[in-house]
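Participant: Got a structure for you, written out below as C-alpha cells; questions coming shortly.
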Amino acid sequence: MFGFLKQVGDYTRDAVDAARNLAQGFAVTFDHMQRRPVTVQYPYEKLIPSERYRGRIHYEFDKCIACEVCVRVCPINLPVVDWVMNKATKKKELRNYSIDFGVCIFCGNCVEYCPTNCLSMTEEYELAAFDRHSLNYDNVALGRLPTSVTTDPSVQPLRELVYLPAGEMDPHTVSADRPRAGKLPAEVLETLAPVKDEGQSSKAVLKEDA
C-alpha cells in the first residue's frame, strides 16, 4: 500500500518538474518570437566593419624601402622581404614581398611601425580558400585595392548594434546614410584644441560648448 503511494508521489513529482521545465523553455521561445529579426542574410547582407577593423593588409610596392621593420616587429616574423643590394646605388632593391594570411594574427604591428606607411589595414575579411597556399599573398595580391561593404552594389550593408542610431535596435530598417549613435573618431578629434601651458608640454582639452 505504502509502496504504491510512493510510486504515485514520485510520478506526480516528475510530471510537475517536466511541466515546469517545458514552461520555462516555451517562455524563452515566446520571448524571442516577440523580438525583431537581427539575423544577417550573408552574403547578400553584410555588417559594416568598425572604423579600426583590422582586416586584409594592403601593401604599396612603390613606397616600400625594404627596411624589414615589419619583420622585426611581427610576433611570428611573418612578412617575407626579398631584396638585393644594388652595388651602383648602394641601396636595397626590392624584388618581392609576401604575407601568409593563413598564419597572420592581424595584430597590426607591421602597419603601426612602417616608416613609409606602405602597409595599411583594410576591412576585408573574406580570405577563405580551398588551398592554404592560396592565402600566401605576394606584392601583386597585396596591392589590390580593398573593397568596401558600403560601396559594393551587390551587398546590402547593415550596421552593428553599437553603430545604430539612438533608439534603433534592428539593423534591417536603418539605411547606411543615417547618423550613428555617438561620434566618429575624426569628429571627436575636431572637438580637441591644442593648448600650451607654461612649463608643460602642449595638451588637448575639450572646447567649451558654445
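Backbone N, Cα and C atoms are what each Cβ position is placed from, and that goes for glycine too.
Grabbed the feature section from Swiss-Prot, which reads as follows:
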{"type": "DOMAIN", "residues": "55-84", "note": "domain '4Fe-4S ferredoxin-type 1'"}
{"type": "BINDING", "residues": "CYS64, CYS67, CYS70, CYS114", "note": "[4Fe-4S] cluster 1 binding site"}
{"type": "BINDING", "residues": "CYS74, CYS104, CYS107, CYS110", "note": "[4Fe-4S] cluster 2 binding site"}
{"type": "DOMAIN", "residues": "95-124", "note": "domain '4Fe-4S ferredoxin-type 2'"}
Participant: Determine, for the [4Fe-4S] cluster 2 site, the additional residues of the same chain whose CB lies within 8 Å of the mean position of the CB atoms of CYS74, CYS104, CYS107, CYS110; present them in sequence order.
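Facilitator: For the [4Fe-4S] cluster 2 site, the extra neighbours are ILE57, CYS70, VAL73, PRO75, ILE76, LEU78, PRO79, ILE99, ILE105, PHE106, GLY108, ASN109.
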Participant: Would you list, in sequence order, the residues of this chain other than CYS64, CYS67, CYS70, CYS114 that have their CB within 8 A of the centroid of the site's CB atoms, where the site is the one recorded for [4Fe-4S] cluster 1?
Facilitator: ILE65, ALA66, GLU68, VAL69, VAL81, CYS110, PRO115, THR116, CYS118, LEU119
Participant: Write out the long-range same-chain contacts of CYS70 ([4Fe-4S] cluster 1 binding site), meaning residues 6 or more apart in sequence whose Cβ is under 8 Å from its Cβ.
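Facilitator: Sequence-distant Cβ neighbours: PRO79, VAL81, ASN109, CYS110, TYR113, CYS114, LEU119.
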Participant: Cα-Cα, whole number of Å: CYS107 ([4Fe-4S] cluster 2 binding site) versus CYS64 ([4Fe-4S] cluster 1 binding site)?
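Facilitator: Computed Cα spacing between CYS107 ([4Fe-4S] cluster 2 binding site) and CYS64 ([4Fe-4S] cluster 1 binding site) is 20 Å.
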Participant: In the structure shown, with every protein chain counted, which of the binding-site residues CYS67, CYS104, CYS107, CYS110 has the densest set of Cβ atoms within 10 angstroms of its Cβ?
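Facilitator: Most Cβ neighbours within 10 Å: CYS110.
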Participant: Round to a whole number and give the Cα-to-Cα distance in Å for the pair CYS74 ([4Fe-4S] cluster 2 binding site) and CYS67 ([4Fe-4S] cluster 1 binding site).
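Facilitator: A Cα-Cα distance of 13 Å.
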Participant: In whole Å, how far does the CA atom of CYS67 ([4Fe-4S] cluster 1 binding site) lie from that of CYS104 ([4Fe-4S] cluster 2 binding site)?
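Facilitator: With the alpha carbons as reference points, the distance is 20 Å.
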